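Q: One structure is given below, represented as structure tokens, and several questions about it will come after.
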Amino acid sequence: FWKILSSVVGGIVALCIGLLTSVYLATLHENDLWFSNIKEVEREISFRTECGLYYSYYKEMLQAPTLLQGFHGLIYDNKTESMRTINLLQRMNIYQEVFLSVLYRVLPIQKYLEPVYFYIYTLFGLQAVYVAALYMTSWLLSGTWLSGLLAALWYVTNRTDTTRVEFTIPLRENWALPFFAIQIAAITYFLRPNLQPLSERLTLLAIFISTFLFSLAWQFNQFMMLLQALVLFILDSLDMLPAVKATWLYGIQISCLLLVCTLQFFNSMILGSLLISFNLSVLIVRKLQKNLKTGTFLTRVGKLLLHLLLVFCLTLFLNNVIKDFFCEVVQSYTSGFTVCSFAVFSSDSANPQSMGQTRKCAVDLKPEAAYNLIHTLLFGVLAMSTMRMKYLWISHMCVFASFGLCSSEIWELLLRLLHLCNPKRIWVMRYSVPILTLLYLCCKSWPGMMDELSELKEFYDPDTVELMDWISSNTPRKAVFAGSMQLLAGVKLCTGRTLTNHPHYEDKSLRERTQAVYQIYAKRSPEEVHSLLRSFGTDFVILEDSICFERRHQRGCRLRDLLDVANGHEMDGPGESDPDLRPADHPRFCEEIKRNPPSYKAHFTRVFQNKTFHVYKLSRNK
């Protein structure tokens, strides 16, 4: 009875803490922008950079006369990149926008809920799912829902390092990470021994669905799942995980990625991913080395080293073969594999005698705990290499830290080392320390959270609003605009005009096009800039003073400095330049054009300006 009651209470607490987190983040978003009271164009401008680009496709689907026409517009899009027709469903992970737009059109909610609120409430709702999944993972690891509550509270109190959803709502990570957290929770349960067949099948189904949705929602899914595959490989090689369970998980990863690849019209980046090559290599080598886990300790170490070498070589071979046939994008995952190799080479857990001798001074790590531990370590390595991955790492750290405080095994180890171990003391420490930590966190964080909730701000960007209104009212609907990536995403969302470039930079040709467009901030002649822009069909170019006269970053880190170095020109300002750089033959374009000399006037006519932006119309002459 008490066990059932505790489970019910724990489930209710998980639901409540998830909903409270969702409401808290939504309130912060509303208080920061006064989102409910600003104009529609201001709401759209608040979706900065790539966020605005993703949201524009949701808006397009809603504005299309029929769903079929909306799909056709995404598959044969010629407004995102001028003079090109691209398949957006292949290039970008925007199925979530498609699904939401279909749902909004089908459900009878148009009279009660604006499209933008349906969109943002869905994202804040997913945050509730995210926190609940972290809660469940910690609960499964420790055996007490008190650990889950502590993990959720740590997630909220470390909000600036665990999520940025309140100011970057449409980012792909905000769609994907809740499903990734569900997947980790399901895998944690799946790795438990002695599961009933029905429970095992249902858990595998949950793993498959969550892995598929995670992969579909985020272009960086391959990096996350490669780390998962490395964790499974380590545990399987060290005989800490049943081989059949590892095989199921490898198979799910491959099948989900291939299914996503099919939905994304056989995206070459997915086909050439190292994840598929690695998983296939592990399965093939395992078939060739069936007796890996037999023999003496030295024999097993030798087999393990051979196993590593075979998997590594076969992975590289398969990856190169696949890329020769299908791919253009080269990806590198060397750091992850190095971490894996180091962990395996330095491990001696395969030695039964060694394990027996050290059991008195070590924790007998369960497969699900070992999986989450190595996960956390590899996520940390990834976070050190890529700043945006810290949100994934810190969230998982909250889970594992709460598990550590609530784990009876860890408290047993500590008390045994102090010669104070008995079941009653273990029980007291296991519950008293987490409760005291919860009270401390509440007392410390509550005043700050209340201050945040009481601080009322308002969106204010009149220059950008004026620019968008002018474009909508004074330029043809088929006009092509050039400018910075982040600004053009807003131009597309707010005005529907065609772009030369945009912030979704996982495409080589687009990066090259962006570098060409950015010559507007370099030291180039008006004839060169005009020729480059016209080659992309540009009708109007937007210059931003914040880029042209940037002062925020030091010399060498500003956009104009990077362009100067790429063009072989000396940088502006005091300081030494590399000896191979030379003085430019022309002044900086974005500065000189404001003087309007005849050579510039022949190619560019200023048609709009305010304190921040200057818009020039390009002449049609060659």
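Positions of Cβ are set from backbone N, Cα and C atoms, glycine also.
Predicted automatically and left uncurated, TrEMBL annotations should be read as such.
Computed from a predicted structure; not experimentally measured.
According to TrEMBL, the record shows the following:
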TRANSMEM  7-27  transmembrane segment
TRANSMEM  116-134  transmembrane segment
TRANSMEM  139-155  transmembrane segment
TRANSMEM  175-191  transmembrane segment
TRANSMEM  203-220  transmembrane segment
TRANSMEM  226-244  transmembrane segment
TRANSMEM  256-284  transmembrane segment
TRANSMEM  304-322  transmembrane segment
TRANSMEM  393-415  transmembrane segment
TRANSMEM  427-447  transmembrane segment
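Help me see these features in their spatial surroundings.
A: Panel annotation: around the transmembrane segment (175-191), residues 96, 123, 126-127, 129-130, 133-134, 136-137, 140-141, 200, 203-204, 206-207, 210-211, 213-214, 217-218, 221, 224, 228, 241, 245, 249, 366-368, 371-372, 375, 391-392, 395-396 of the same chain, lying at least six beyond its termini, place a Cβ under 8 Å from a Cβ of the stretch.
Long-range contacts of the transmembrane segment (393-415) within the same chain, counting only residues at least 6 positions beyond its ends with a Cβ under 8 Å from a Cβ of the stretch, are 130, 134, 137-138, 141-144, 146-148, 150-152, 154-155, 158, 161-163, 177, 181, 184, 361-364, 369, 372-373, 375-376, 379-380, 382-383, 421-422, 425-427, 429-431, 433-434, 437.
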Q: Below 8 angstroms Cβ to Cβ, which residues of this chain, lying six or more residues outside the transmembrane segment (203-220), approach it?
A: 92-93, 95-96, 172-173, 175-177, 179-180, 182-183, 186-187, 189-190, 195, 248-249, 252-253, 255-257, 259-260, 263, 269, 506
Q: Quick test of the contact rule: Cβ under 8 Å, at least six residues beyond the ends. What residues does that give for the transmembrane segment (116-134)?
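A: Contacts of the transmembrane segment (116-134) (Cβ under 8 Å, skipping residues fewer than 6 from its ends): 14-15, 17-19, 21-23, 25-26, 29, 35, 40, 43-44, 55, 58, 100, 103-104, 109, 148, 151-152, 155-156, 163, 165, 169-170, 174-175, 177-178, 181-182, 184-185, 395, 398-399.
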Q: So if I exclude everything within five residues of the ends of the transmembrane segment (139-155), which remaining residues of that chain have a CB under 8 angstroms from its CBs? That is, six or more out.
A: 6-7, 9-10, 13-14, 17-18, 21, 131, 162-163, 185, 188-189, 192, 368-369, 372, 395, 398-403, 405-408, 430-431, 434-435, 437-438, 441-442, 445
Q: Give the nonlocal contacts of the transmembrane segment (7-27) in its own chain as ranges (CB under 8 Å, at least six residues past its ends).
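A: Non-local partners: 120-121, 124-125, 127-132, 135-136, 139, 145, 148-149, 152-153, 155-156, 159, 163, 165-166, 449, 453.
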